[in-house]
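Asker: First the structure, then my questions, so here it is.
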Amino acid sequence: MHKKKHIKHGTNKQEIINIGTKSPTFQEKQRPSKTDQRSTVWREEQKKQELKVHRIFHPQPRTGFDVGKGIDPWLTTWQMITVILATLCIILVTKVGFLIPSLFSKGEKQSRKFSLLDPLCDRNDDSSCDFCSSDWIAFGNNFYCVFRENSKTWVESQSACEELNSHLVIIDSKAEVENLLLFEMDGWILHRMDGTNSSRLWGNDIKIRNTLMNDSEKKNHSCHYLRGNIFMPDECSAKKTYICEFNI
């Protein structure tokens with residue numbers, strides 16, 4: 001009897017517990033409230049925002065490799081820069097290759113050009129030194145200068161050269177003519193018609209222009225000036241540029 005009562009009593013307790021858990025009031029207590037749900041959502045949003053801010057101020061080191069595409073953007077950029085620099089280097093080398101020969105040719109011309117004729121200036125007063133300018137050109141032991149600003153007669157030209165302890169240029173070789181042609185020197189020269197054909201000295205490149213003249217004209221046209229590779233006879237009273245020569 002006592003056992004049965006005990007069993008019944010335990011059964012009643014279990015039923016009470018089961019009934020209590022199944023009751024609506026108990027289930028409502030077990031469910032999270034709306035306030036708790038909102039706070040949970042807010043915390044999750046706050047964590048997301050904090051994570052974004054952290055990524056902005058503390059970015060992860062770039063690996064430089066896109067796993068999906070298999071392409072390294074940094075490598076591509078450096079390849080483009082390398083190609084551009086290589087192209088520029090090739091262009092510069094090409095330009096330098098074209099410039100060097102021209103510089104050497106200019107240097108050769110400058111080496112044939114003399115500098116100031118200091119020995120000539122030392123022998124004259126200051127006024128005479130005005131004639132000594134960078135127009136003087138050296139060729140071997142000879143210095144030449146063409147005066148283009150003040151045209152003079154043949155006699156005046158010779159006198160002007162003598163004031164500089166020089167004389168009108170005397171051409172006695174083909175090389176000397178080539179030197180004068182190189183620097184485009186035209187003017188009175190110290191050459192007179194003496195019945196000889198001076199062109200034999202220099203071959204067919206140098207020509208003496210002969211014209212039909214009577215005896216009186218020959219006297220008046222006994223002076224010559226150089227124009228290009230041609231000796232031109234003309235009246236000695238004509239005013240032209242002149243070329244002075246100084247020998248050391």
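Each residue, glycine too, has its Cβ placed from N, Cα and C.
Feature list, courtesy of Swiss-Prot:
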- 28-44: compositional bias 'Basic and acidic residues' (COMPBIAS)
- C132-C145: disulfide bond (DISULFID)
- C161-C244: disulfide bond (DISULFID)
- C223-C236: disulfide bond (DISULFID)
- 139-245: domain 'C-type lectin' (DOMAIN)
- N197: N-linked glycosylation site (CARBOHYD)
- N214: N-linked glycosylation site (CARBOHYD)
- N220: N-linked glycosylation site (CARBOHYD)
- 19-44: region 'Disordered' (REGION)
- 1-79: topological domain 'Cytoplasmic' (TOPO_DOM)
- 101-248: topological domain 'Extracellular' (TOPO_DOM)
- 80-100: transmembrane segment (TRANSMEM)
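Thinking about packing and proximity, how do these listed features fit into the structure?
Answerer: A strand conformation is recorded for C145 (disulfide bond) in the three-state DSSP classification.
Secondary structure from DSSP puts C161 (disulfide bond) in a helix. Long-range Cβ neighbours of C161 (disulfide bond) (same chain, at least 6 residues apart, Cβ-Cβ under 8 Å): H167, L168, Y242, C244, E245.
C223 (disulfide bond) falls within a strand when secondary structure is assigned with DSSP.
On the 0 to 100 pLDDT scale, the domain 'C-type lectin' (139-245) averages 74 in the predicted structure.
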Asker: Once the DSSP letters are reduced so that anything not helix or strand counts as coil, what is C244 (disulfide bond)?
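Answerer: C244 (disulfide bond) sits in a strand per DSSP.
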Asker: Would you count the other CB atoms within 10 A of the CB of C145 (disulfide bond), including those on all shown protein chains?
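Answerer: So the number of other Cβ atoms within 10 Å of C145 (disulfide bond) is 25.
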Asker: Among C223, C236, C244, the disulfide-bonded residues in question, whose Cβ has the most other Cβ atoms within 10 Å in this structure?
Answerer: C244
